[in-house]
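Below: one structure, written as structure tokens.
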Amino acid sequence: MRILDPSDKDPSLKSIEHSGNSENYATDEHQIYSLMCCPTPCRDSDCISSMVFLLNKQNAVQFTANDERIVQECLHYATPLLRCSMAYENERLIKARTEEMLKVAGNIFTHMMDLTDLLLKIMQEAQNLTKAERCSVFLLEQEGSLLVAKVLDGLPTASNKNTKFTTPEGTTVTLPEEIRISLNQGIAGHVATTGEILNIRDAYTHPLFYRGVDDETGFRTRNILCFPIKNDQNGIVGVAQLCNKIGFPYFTRADEDVARAFSVYCCISIVHSLMYKRVQESQRRTQLANELMMYHMKVSEDKVKWLTGCKIPHMNTMLRFPTSFESIPRDITSDDDTFLALLSMFEDLGLIKSWRISRNTLARFILMVFRGYRDPTYHNWMHAFSVCHFVYVCGQNLPLAGEHLTEIEYLALFVASLCHDIDHRGTNNSFQLQTQSVLAALYSSQGSVLERHHFSQTVCILNTSGCNIFESLSADEYSQVLDLIRDIILATDLAHHLSVFSQQKKMIADGYEVNNHEHHSLLLALLMTAADLSDQTKDWRNTSAVAQMIYEEFFRQGDLEKASGQKPIDSMDRERACVPQLQISFLDFVILPLYETFALLFPQSAEVVQTIRRNRSRWKYILDRVTKGELNGNGLSIFNHNLTDESQYTHLE
């Protein structure tokens, strides 16, 4: 029906055909021939509160002036009753909404133990309140620079813990991947930036709407109501986005009012849920710290005095060719000798003088890091020492500190290499998640569970009285070196290496740029991974012995998985693993590509590639003998044979 302009002084339309749009007045049952419109003004103002339309004068062609007087007289008495009725209806509606909001608040606040459950409940209630077809929730993360979708189209997004979700109806569905968008992108980003509700009646005509998802899924987004979730300081906590009003062509002003009121409860519940999570994490850290203290003994003061007062030996007296890539740090078998060697490396690299490190502090730090390592077969103190020695060799042979890297970056790399596996339990990240360990509960939402724990323990040691080797750094330098150590230790997660390796290869192919911050990060990760896997670059005697250590540790994890009813992967299963085959695959797909790429950037390290290829040829020779039935290749039985007898490999040289 056509809406007349309330300012029209003539409430009677005597000839609607002259309007040029008379078809607008037609209904399904009647053709309109005459129409009278009477406004009902408010008593205390000139505003019009309502309009009365009368259609098709019976037994006459048109309405008369007398009809107008009769209607106005009726309205004189009816309008106050109408206004009272409307006020009552409005109060009833407000009361109903208030009761509904209180009910919603009660439902929401019972789900604050788990943020994902809370967000799902929030969106379920938002859908019910506004009659929306779909919903998504974005939370602000990373210092307010990103919006992260925690609930997408009514489902929680996939996390490190789960990729499947069981609906209340019992149906198992695959979770959508977590989406991260910057604040300058899309409708959600716009709302997060402006802090204002955005009510879009036609999504496809809006410039901020991206229809690519609709094209891929076949779903059609008609309209959107996107509202900010603000805290009491008017800061943005997140954004909620509702799609497709059910039973109406768009979201109404009433829906906007509901969203504003609802967002208050959303914010309170989300903030308290995050606070509850932080309290839980604090409790877990306390539990973990207590566990760590119970496991490790205090550093002996006599040992600190000895390491502080002894003469620092030269590396040449401790290792053969100590600065060569062929040097075998595992030839140092005494713990005390490794402490002395570390002092020597710190001094040779100029780190003690450059960063004004106290000798007593350095001695205590080294001993505390040593105490921080447990004694699994492979991921132990000797592994840390070997990795640190490779970084030392790189520093002595490659143009790193002051050239490809800054001085503080090399300092961070050297310290991170020593600390990168502190408190390793001899099991991998997957095992932590499967067993729902304390570590998994603490770090699983961030990924790289063990690596984050290693960094956390490094910081704990640095915060221990008398152990902070960075005490002479400025506040900015201290913050920078901790950030670098964190990133470098996180880079030891092999999953991280595989995800950035293509970028590292491109960086080297295009040319390393000293002034490019991203190139520095990629190079540090490459150096740390090369150091972490450097046992594979040593001679056959060392690499075969280390292989046995690695698989002993792997098989122990596999045994634990079997004991808990899990089926371990082949490399962890002592009954199915063929060590020579696994070694060849590892060398082909990880080790050789890594060090070949490394040698492209640093040709001085090319000798390690030749060593790896020699070792591969020996594993291939052993695999051939296993295939022929000459050797037993199952599990650790391969190491029962004399693999280090050089005479059997002479034909391979």
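The chain as shown is numbered from 1 upward.
Cβ atoms here come from the backbone N, Cα and C positions, even for glycine.
Worth saying up front: this structure is predicted, and the values here are computed from it rather than measured.
According to TrEMBL, the residue from His314, His383, His453, His496 that belongs to the Zn(2+) 1 site alongside His420, Asp421, Asp532 is His383.
In the three-state DSSP classification, Asp532 (Zn(2+) 1 binding site) falls within a helix. Residue with the densest Cβ environment among the binding-site residues Asp421, Asp532: Asp421, by other Cβ atoms within 10 Å. His420 (Zn(2+) 1 binding site) has a Cβ environment of 27 other Cβ atoms inside 10 Å. Listed in chain order, the extra residues whose Cβ falls within 8 Å of the Cβ center of the Zn(2+) 1 site residues His383, His420, Asp421, Asp532 are His379, Ala384, Val387, Ser417, His424, Thr492.
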